Amino acid sequence: MSQVKYNRIILKISGEALAGEKGTGIDPTVIKKLAHEIKLVHDMGVQIGVVCGGGNMWRGETGAKLGMERAQADYMGMLATIMNGLALQDGLETAGVQTRLQTSISMRQVAEPYIRRVAISHMEKNRVVIFGGGTGNPYFSTDTTAALRAAEINADVILMAKNGVDGVYTADPNLDPSAKKFAELTQLDMISKGLQVMDRTASSLSMDTHIPLIVFNVNTPGNIKRVVEGENIGTIIRGDK
């Protein structure tokens, strides 16, 4: 059996990653592949919580820029994350992985309400728990949700699964060929250098709770498993100052 470095994880998946090459909506082929990747880690006995973004369907900031009330636009974004969570739940259960979707906004016909102790109990029973609906409050990103849930469930690490990005760079490597990838950073480094890995609220919370982040390319098969085993891929952001 493979050696596991992280026993309980939060996996943060961007909405764009679920859209595949289309860029918007949900690609069933991507869901199937991602479910397979998560199953590899699940079968190693790792306890898994998943936070999905909603950017493949809607962004609250975009709605606000178009004239919508920001809070209303953010609630729409929260609903988008729940739709993504339902799609991923279906993919995982089709792959044979018991899964529970918990939402911060009550919708009992489709998901459980988020309750911290229940979520931990599910994980201890080897069920994957998907956290939908963000924090349940406007103005907070799903990155902040990932940092918050990681703290609440005592996760060992937050895995920032990026769509085609294999780590944190000094600049956008697509625009600057001389950009260098960081092997390791601290949360304070990330904030002081203005690196756009996650928003400042999420970064500050992760720094306060000392939970490390690993930024890696989720599109490479086997990468989630490699990270959990401790292989040095991507960029690790230490949970200290």
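Every residue gets a Cβ built from N, Cα and C, even glycine.
Here Swiss-Prot has GLY54, THR135, GLY136, ASN137, PRO138, TYR139, PHE140, SER141, THR142 binding UMP, and the candidate from ASP27, ASP74, ASP166 in that same listed site is ASP74. Highlighted in sequence order, GLY60, GLY77, MET78, GLY134, THR144, THR145 have their Cβ within 8 Å of the centre of the Cβ atoms of GLY54, ASP74, THR135, GLY136, ASN137, PRO138, TYR139, PHE140, SER141, THR142, the residues recorded for UMP, and are not part of that set. The binding-site residues in question are SER14, THR135, ASN137, ASN163, and the one with the fewest Cβ neighbours inside 10 Å is ASN137. Shown for the region 'Involved in allosteric activation by GTP' (20-25): DSSP residue counts in helix, strand and coil, namely 3 helix, 0 strand, 3 coil. Here UMP is bound by GLY54, ASP74, THR135, GLY136, ASN137, PRO138, TYR139, PHE140, SER141, THR142 per the record. The longest Cα to Cα distance in that group is 15 Å.
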